[in-house]
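Peer 1: Under the heading active site, nucleophile, TrEMBL lists B:THR198. For B:THR161, B:LYS187, B:THR198, B:GLU284, B:ASN406, B:THR411, the entry in TrEMBL reads substrate binding site.
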2 protein chains.
Amino acid sequence: MGVVSLFRVAPEGTITSPKGFQAGGLHCGLKKTSRNDLGVIVCEVPAVAAAVYTTNVFQAAPLKVTRESIASGGRRLRAVVVNSGNANACTGAQGEADAYAMRQAAAAAFGLGEHEVAVASTGVIGELLPMDRVHGGITGLPGAVSGSGEGAEQFCQAIMTTDLVKKEVCVKLAVDGREVTIAGAAKGSGMIHPNMATMLAFVTTDAAIEPQALQALLGDTTNVTFNMITVDGDTSTNDMLLTMASGLAGNEELSPKHADWDAFTAAFRHVCERLAMSIARDGEGATRLVEVKVSGAVTDASAAVIAKTIIGSSLVKSAVFGADANWGRIIAAVGRAGEPVNPDTVDIKLGDIVVLSASRPVSFDEEEALAYLKGDTIAITVDLHNGNGQATAWGCDLTYDYVRINAAYRT
Amino acid sequence: MGVVSLFRVAPEGTITSPKGFQAGGLHCGLKKTSRNDLGVIVCEVPAVAAAVYTTNVFQAAPLKVTRESIASGGRRLRAVVVNSGNANACTGAQGEADAYAMRQAAAAAFGLGEHEVAVASTGVIGELLPMDRVHGGITGLPGAVSGSGEGAEQFCQAIMTTDLVKKEVCVKLAVDGREVTIAGAAKGSGMIHPNMATMLAFVTTDAAIEPQALQALLGDTTNVTFNMITVDGDTSTNDMLLTMASGLAGNEELSPKHADWDAFTAAFRHVCERLAMSIARDGEGATRLVEVKVSGAVTDASAAVIAKTIIGSSLVKSAVFGADANWGRIIAAVGRAGEPVNPDTVDIKLGDIVVLSASRPVSFDEEEALAYLKGDTIAITVDLHNGNGQATAWGCDLTYDYVRINAAYRT
């Protein structure tokens, strides 16, 4: 990103680095293992909040509760309570009652109003939450939270399911000369695991920001980050991205009119982009991160459709796993995306290796291509020479392990 | 199908069973093995012809030539010449010239007009056809054709690429009291293999039929048969379905006004449906045929989108491979299809086993489900209770072998 100089990455930072936030996690018995399965982020002041939710028709109960909290609490939240091991999805009226009860218990435990609390769940679909364990766990949460890295670590552990690595990022920038911190944590190693569901992401910041501006920024940023990753093309019933801004950095309230708005949006996008890329890299069974850049499309939206069609192709993903410079599968994906393409003007590169120019094969060094494709990050660049639209998408290769994990998942 | 009694399957029938047709195949050196790679179907009279082509933007040269033959020859053809081993796609002006040369050579060999000949290719993308071998092969084709089953067998061998089994079907019915035969042959074990490309299907019949009626019937039938199968969601640059009707059965010309039109369309659909199902069953690496029936959608088109979303889900396909009764993945696919769905009224069955009723989980016998899912054909039935639209789609499971085949395909 050309705007990196507007902010700096804080490698040691966590979701509790922004002023005002504490976090924690514990095991309450929702997972069969002894790993954490209940977590919380709390803010010492009402934080400006914004969220985006799965577009799946079957939205899990916690999403409804969170939506209601944000709407009725004047777009402010003090806490979000999250469980893994059970998605509370396809659970009917009882599931909805359970999500409300979870919110109520967390509000009581932290001395907050119910509408100051959001709820998120991830895990098995179609089973009721064992509410005695949830209640027991929530009672212990106030004693488990801290503003240290340890609290953030315990929270990150609590939201993981099939994730192999923790996904966390933190950046700092100056707004009105004050230091502002933005941090994020996420889970999700497929776009969906309906029986151990979901992508969840939480972004905290101590910036002061106008609520509508935060919601708009979150939507725009999601479109070019989280919505541009795909592991298997599926989307879950529980996906949620929630952001909370404490305002304790002491800057003038951010909005698009603010002089430092561009710096803040660039930093916010970096956080979301890195979380999204780490989810793609940790895709089920993945051995390689694949980045697809499409340029020369008629619009950015058209470029995005084409990029996602390429990254979503099982044939392209299998070829990447096999380190096979199979440009035929890439151009076939371009051609079936349903977007305007000039069939005679397409260039394709794998890394810096040109394999197709003006839609005609270019001789390339197979050994060099093989060496490149055996790396851990593969860049596929497609220039359509048909306009100014561009987009980048991220995904991963399709491997034996993907099949193994998903063939045997539920049992 | 409830209309089976309108026609009967002829198990020994081939594409040369309809009166007037001969076929043949030989090896001319396009495949590295000694398997056949060049085939032809010829008709002793000008046959009414109709075709549908891939919707991929990058259409291979032979499709252009075939389109032109059918259009300029008054929708009549005498022959179609097909090669495997080379797709003649992404080959530019030289590729186009080669496709025309292939047509010209076949026309000369059989003493036909150029516009009486169609051309189809499947194989590696981006390499020029070795035209000396093609010319040599075509010279031998007239001596290789016959109206016996042997000619049809050689043709079927000539069009196969990664196919494990031959795909052929034949039915007979009465039209005006005359015996009419419809037969088909197809190849394709993924919806696409861009480097060994394509679904090709050829349907012959001796019915007399009005040209416009045949083209309309072919389009309508394709929508509910070949367009309802998916192996990996990809479509190739070379897909083509061609039908030729000799008229030698001696019936009154068929059209929608004909008393036996419904019988003919049912028989024609059966041929296309069986070919499509056999392609799905022979999907790369597949161990099981999966049939998804969706009913209760707002329209048939909406049901089709939902059925194809389910059958195309890598998670559903992996679960079928693992014999895992994972209805959560099915409902998640329903929910992300982008079609109108009532989230509270969905029923799902695996075979006869109800697993979801009114969008709520139903207890079922896991052993019984496991036994069912270990069968070789899996039926997934989804009733949305939201209208009268219905559709059926076919696909296969996602297996280790799919990854193996496609990770190592080009090398």
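Each residue, glycine too, has its Cβ placed from N, Cα and C.
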Peer 1: Near chain A by Cβ (under 8 Å): which of the recorded positions B:THR161, B:LYS187, B:THR198, B:GLU284?
Peer 2: none
Peer 1: Using the alpha carbons only, what distance in Å do you get between B:LYS187 (substrate binding site) and B:THR198 (active site, nucleophile) once rounded?
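Peer 2: B:THR198 (active site, nucleophile) has its Cα 8 Å from the Cα of B:LYS187 (substrate binding site).
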Peer 1: Give me the Cα-Cα distance between B:THR198 (active site, nucleophile) and B:THR161 (substrate binding site), rounded to a whole Å.
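Peer 2: B:THR161 (substrate binding site) has its Cα 9 Å from the Cα of B:THR198 (active site, nucleophile).
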Peer 1: Just name the winner among B:THR161, B:THR198 (the recorded positions) by count of other CB atoms within 10 A of its CB.
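Peer 2: Neighbour-count leader: B:THR198.
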Peer 1: Let me know the DSSP-derived helix, strand or coil state of B:THR198 (active site, nucleophile), please.
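Peer 2: Coil, per DSSP.
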Peer 1: Going by DSSP, is B:THR161 (substrate binding site) sitting in a helix, a strand, or coil?
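Peer 2: The three-state answer is coil.
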